[in-house]
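To start, the structure itself, in structure tokens.
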Amino acid sequence: MQQQLMESFVANFGEGGEIYTFFAPGRVNLIGEHTDYNGGHVFPCALTIGTYGIVRKRKDRKLRFYSQNFDKFGVMETSLDDLVYRKEENWINYPKAVIWAFKEHGYEVTEGFDFACVGTIPNGSGLSSSASLEVLTSKILIDLYGFQEVDMVKAALYSQYAENKFVGVNCGIMDQFAIAMGKKDHAIYLDTATLEYQYAPVELDGAKIVIMNTNKKRGLGESKYNERRQECETALAEIQKVKDIKALGELTEEEFEAIKEEIKDPIRVRRAKHAVYENQRTVKAVEALKNHDLTLFGQLMNESHISLRDDYEVTGKELDALVEAAWKQEGVVGARMTGAGFGGRAVSIVKADQIDAFVKNVGKEYEEKIGYQADFYVVEIGSGPVCFAK
Ligand code: GLA
């Protein structure tokens, strides 16, 4: 992978100078979905798959980009004097966004670079290829331009800022945080209201994390994502008229039930209910994992999917087909959609010796129902970004 990337780097940008290789992981969220912009908890982990980038500083202000995943665009060139969003520039808006976000926070890059990358996470499919590229760029800026005061929590925040303010997707902090702060074999229990976090060992007692890809691209997802966010904000404002809270994540299930009639629209009641219950489920799930109660952890994953399907309405027929097929299989601890939803991926925990049968049966049922194939990957939990070779 890296060898091939180095060859494309040299082919596109020539040899010589100081060339560095970086890696940033992708992430999967085990539970706590659509809670991160509601001041709730999330429980994601970084993966050993992610984005590799090879980079060399330049003496002028040019920025040149090449991605093996977007070979059709060839080398795209821009400059530090043109840090504005341009739709036609496609994927390079993400690294541009991060350079811009660093500048906005007082860390200005004054010399450009040549950059070639390749992602081992397919884009647009729910394992956060965009956040991976953002955090990768942050790590490059910190290491190559000497912005050592920017620690990895700040790098996550600047990357989120880049996505919110430059790309225009109103995402929460989960993806960037999970990627920037990843730790091998651990998930991150993050309180998104305070950014306090703990690492929890993921001990699955002979089971593995299996990602299921619907192969349905998100399409309308981004506008729907912003719509859900807006619905939660409106529900919160209605509750705030009678109760002094800052976020839906502050409420217990009982408190929510007692106050929910303040929300004047039945759809918004369901959206807010998901935000509150999903947060509480996440707290319970982390406790269950600590107590080695994998059965309860799995049940909570399943309940999370049901809530995302029925109350939050972000699953869609493809994710439901995968997850509902998964639930029926032997050796399945739990299964749910992961990430924003509207297509993309689901995550399941499956006993290792049952994985082959699982893939075969779920794959068959999915294809019969949906008309095309799903993909399955067994993934490992990895660490945060690194610069690992000169
Ligand atoms: C996307 C966003 C995250 C989070 C999830 C849903 O991945 O980028 O911030 O909101 O959706 O949990």
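Yeah, the Cβs are placed from backbone N, Cα and C, and that goes for glycine too.
What TrEMBL lists as domain 'Galactokinase N-terminal' is 7-57.
Under the three-state DSSP scheme, T35 (substrate binding site) falls in the coil class. In sequence order, H41, V42, T192, G249, A275, E278, N279, T282 make up the list of same-chain residues 6 or more apart from T35 (substrate binding site) whose Cβ falls under 8 Å from its Cβ. Residues or ranges marked as substrate binding site in TrEMBL: E33, H34, T35, D36, Y225.
L127 (ATP binding site) falls within neither a helix nor a strand when secondary structure is assigned with DSSP, and so counts as coil. Every protein chain considered, the tally of other Cβ atoms within 10 Å of the Cβ of L127 (ATP binding site) stands at 30. If you look up TrEMBL, you'll see S67, G124, S125, G126, L127, S128, S129, S130 marked as ATP binding site.
Annotation comment: TrEMBL describes 93-183 as domain 'GHMP kinase N-terminal'.
Taken from TrEMBL, the feature active site, proton acceptor applies to D175. Taking a C-beta cut-off of under 8 Å and a sequence gap of six or more, D175 (active site, proton acceptor) has these contacts in its own chain: R27, P44, S128, S130, A131.
Look at TrEMBL and you will find 285-366 tagged as domain 'GHMP kinase C-terminal'.
In the structure as shown, the Cβ atom of S128 (ATP binding site) sits within 10 Å of 33 other Cβ atoms. Ranked by CA distance from D36 (substrate binding site), the binding-site residues S67, L127, S129 have L127 at the top as the closest. Ranked by Cα separation from S67 (ATP binding site), the binding-site residues E33, H34, Y225 are led by Y225. Residues of the domain 'GHMP kinase C-terminal' (285-366) grouped by DSSP class, helix first, strand second and coil last, total 50 helix, 14 strand, 18 coil.
With respect to their backbone Cα atoms, S129 (ATP binding site) and H34 (substrate binding site) stand 18 Å from each other. Secondary structure at S67 (ATP binding site), as computed by DSSP, is strand.
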